[in-house]
Amino acid sequence: MEQMDECCSTQLIDGDGSFNVEGLARFSKAVKLAECGLSYAVVSIMGPQSSGKSTLLNHLFRTNFREMDAFRGRQVATSSFADSMSQTTKGIWMAKCADIEPCTLVMDLEGTDGRERGEDDTAFEKQSALFALAVSDIVLINMWCHDIGREQAANKPLLKTVFQVMMRLFSPRKTTLLFVIRDKTRTPLENLEPVLREDIQKIWDNVPKPQAHKDTPLSEFFNVEVTALNSYEEKEEQFKEQVAALRQRFYHSIAPGGLAGDRRAVVPASGFSFSAQQIWKIIKENKDLDLPAHKVMVATVRCEEIANEKFAQLVENEEWCELEEAAQSGLVSGFGKKLSLILEECLSEYDMEAIYFEESVRNAKRQNLETRLLQLIQPAYHSVLGHLRSKTLDDFKDAFEKALKGGEAFAVASHDCTQSFIAEFGKGCADVAIKQANWDATKVRDKLHRDIEAHVDSVRAAKLSEITATYEGKLNKALAEPVESLLDAASNETWPSIRNLLQRETKTAVSGFTGALSGFDINDSTLDEMVANLERYARSVVETKAREEAGRVLIRMKDRFATLFSRDSDSMPRVWTGKEDIRGITKAARTASLKLLSVMAVLRLEEDADSIENTLALALVDTNNKKVTSVDPLASSTWEEVSAEKTLITPVQCKSLWRQFKTETEYSVSQAIAAQEANKRNNNWMPPPWAILALVVLGFNEFMTLLRNPLWLLVIFVGFLLVKALWVQLDISGEFRNGALPGLLSLSTKFLPTVMNLLKKLAEEGQTPTAPAPQRQAPLESNYGDSTQVNSDSASSNITSTENGVEHSSSLRQRQVQMN
Ligand SMILES: Nc1nc2c(ncn2[C@@H]2O[C@H](COP(=O)(O)OP(=O)(O)OP(=O)(O)O)[C@@H](O)[C@H]2O)c(=O)[nH]1
Ligand SMILES: [Mg+2]
């Protein structure tokens, strides 16, 4: 029973020719065939029916193939009932030989003499013979001793068949044909063997051969061996001894010099099952059997299977799964090494299993497997590489910032940091690299390089703009206010001073600026451009300021006029006593204001001389020359010799500004004149001194009379009161201010009603002094809301009174003068 288990006898192909795939798989597994590699041999037996084949195999290899019962067998062969019994072995059976090294598989074939199965079955005989020849290393040919040299020998058709089908194998396996002569007679084997070999040769010669094998000797296809056994039935003891001796020949049969030492085209044991199946399929389809091609095919299929198996194993591999997961989330230390090891293991397992298959196929499939494995792991590799890149970039940013904060020059810091971190990345790449892949990380490194450069550029740009802003701010501070004050004090020296200031400040700023940029390793042309930009900025500050001031020129002019007009050279407020030369003062003030206009009219950052001041003076102040020049020099929107960019106020604008300026300052002048005349008049209303003297001399008698008579004094006093009342009521001094005739006319019309009115009031109120010039308050009330606070002399331009404190105060002073 133990033996039965050990040999695992299985029907490989049944009597109908169907292949027992599952049975073979079970068999292979049971005998651990796949582990054998190339160290296995296949033996099969052919021969006439009931020639004791199964008996021989069972004795030789300790198998348990079915044998015919010795007492029923051939004697009842003719009866149809006995048919099934006489043909014991159906189809092809397979078993493993017990205790023979290397692993030897044995196949027991159905008997072949054709007598029992009829014509149709010949096909099966041929097919099974071809199958046995294609698969086996050693074929035992069982034959009766008495058939040797016989014309009608039972094994002749069998041999013919063997040789014929052998031709269909494109390349022979150099199978060993071991002729086992059964029931040997007394004739010694030495005599029998040559006869048998001759028979075999004859059959070989008579077999029709394809052109390629026309002259191929039998020995090219087969090793022919002969052995003889005594009858098992009659001389069992001798039979067993001989079988035991024969068994010895099967030990190490595949070793050189062994029974199957010459065999070729061996299919690795793990491919045996598939190979046998495919061979049977091809035989059944009656196709030619190309053994080398078949071997390649088997190798292809098997290697593919092994590769798939290994690939699936790696996909499931726990270590790999962990690595893959870790790669998604971050950098994995020793990634390359670990993964390389996993791959190496997987590939070496493949190598071990596929080692006996066709080398070219094996290698191709290995390459394919490797490619697939690498494809599988590539995303993880790239992910790790990506993490490495971003980490290196972050580290670079930190280190770079630290280096800059530490006071390192920008160019040096950027160069050093870039170098060291690219090198760091290189090291990291080596750690990530997969030994089998040889993947190029250059692209990623280039990307990192680009990222680093972009970062450096952005930091540089930020720093540069910071520095530029700092120096622009400094320039702004150094230029804006001084320029404003210089322009305010417009004089001949204004623009030279501004130019000096601009030059000086620009120089200072540029030297500081270039110093600050020295660490940035900026090329000369860029540096020049940046310096030029800074210089342009400085000019733009001045220009902006000048334009701003030009926009306020009218206020400035009026301011200046008011200052010069209402204050004397000691900055003391003027008192219009009547002695002042108002015309002269006005002209001087206007000239000074015109000077301001001419200074403000054009931007003079270059030392270009221009005649604007003259032009303005001629056109606006020197009215004497006006008749000489028929064309108005200010009727233009551009100045001669001055470009439009440098023009701050165009000639036309100058003209209109001047007109406005004059209009708004005229009032002050007329007020001054009026104040002066009033002052003069206030001082002149007393009669001249000679008249007073004549009055004293001529009226001396009358005066004495009055002194002597107090009544006259009373009459004179009352009369004085009346005249005084009339004087005040009629505003005699006011009426005569505009001339004697208009005063007389006015008085004559008002005299009578006034006297009447006076007499009427006199009784009620008596004499009340009134504020001077009530008539002149009326128009002022419309200009100013509060007529009680501001009198006529305080009136000035609406514009200037609100904006110009100086002018306003000068008006007040005029008022004070008048009141005095
Ligand atoms: N004369 C003789 N008979 C033998 C010998 N060995 C076995 N037999 C007998 O031959 C008969 C057939 O034996 P098997 O071993 O079944 O023969 P087989 O060739 O396997 O027959 P099939 O499988 O039907 O083709 C049995 O009755 C055996 O006893 C032998 O050496 N000489
Ligand atoms: Mg048998």
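Every residue, even glycine, has its Cβ placed from backbone N, Cα and C.
Automated prediction, rather than curation, is the source of TrEMBL annotations.
Here's what TrEMBL has on this protein:
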- Gly47, Pro48, Gln49, Ser50, Ser51, Gly52, Lys53, Ser54: GTP binding site (BINDING)
- 767-779: compositional bias 'Low complexity' (COMPBIAS)
- 784-820: compositional bias 'Polar residues' (COMPBIAS)
- 37-263: domain 'GB1/RHD3-type G' (DOMAIN)
- 1-686: topological domain 'Cytoplasmic' (TOPO_DOM)
- 732-820: topological domain 'Cytoplasmic' (TOPO_DOM)
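DSSP classifies Ser50 (GTP binding site) as coil under the three-state reduction. Around Gly52 (GTP binding site), the same-chain residues at least 6 positions away in sequence with a Cβ under 8 Å from its Cβ are Glu67, Asn142, Arg182, Tyr232. By the rule that a residue counts when its Cβ sits under 6 Å from some atom of ligand 2, the binding-site residues Gly47, Lys53, Ser54 yield Lys53, Ser54. Considering only the binding-site residues Ser50, Ser51, the Cβ with the fewest other Cβ atoms within 10 Å is that of Ser50. A Cβ distance below 6 Å to any atom of ligand 1 is met, among the binding-site residues Pro48, Gln49, Ser54, by Gln49, Ser54.
The average pLDDT for the topological domain 'Cytoplasmic' (1-686) in the predicted structure is 86. Sitting within 8 Å of the Cβ centre of Gly47, Pro48, Gln49, Ser50, Ser51, Gly52, Lys53, Ser54, and not among those site residues for GTP, are the Cβ atoms of Gly111, Asn142.
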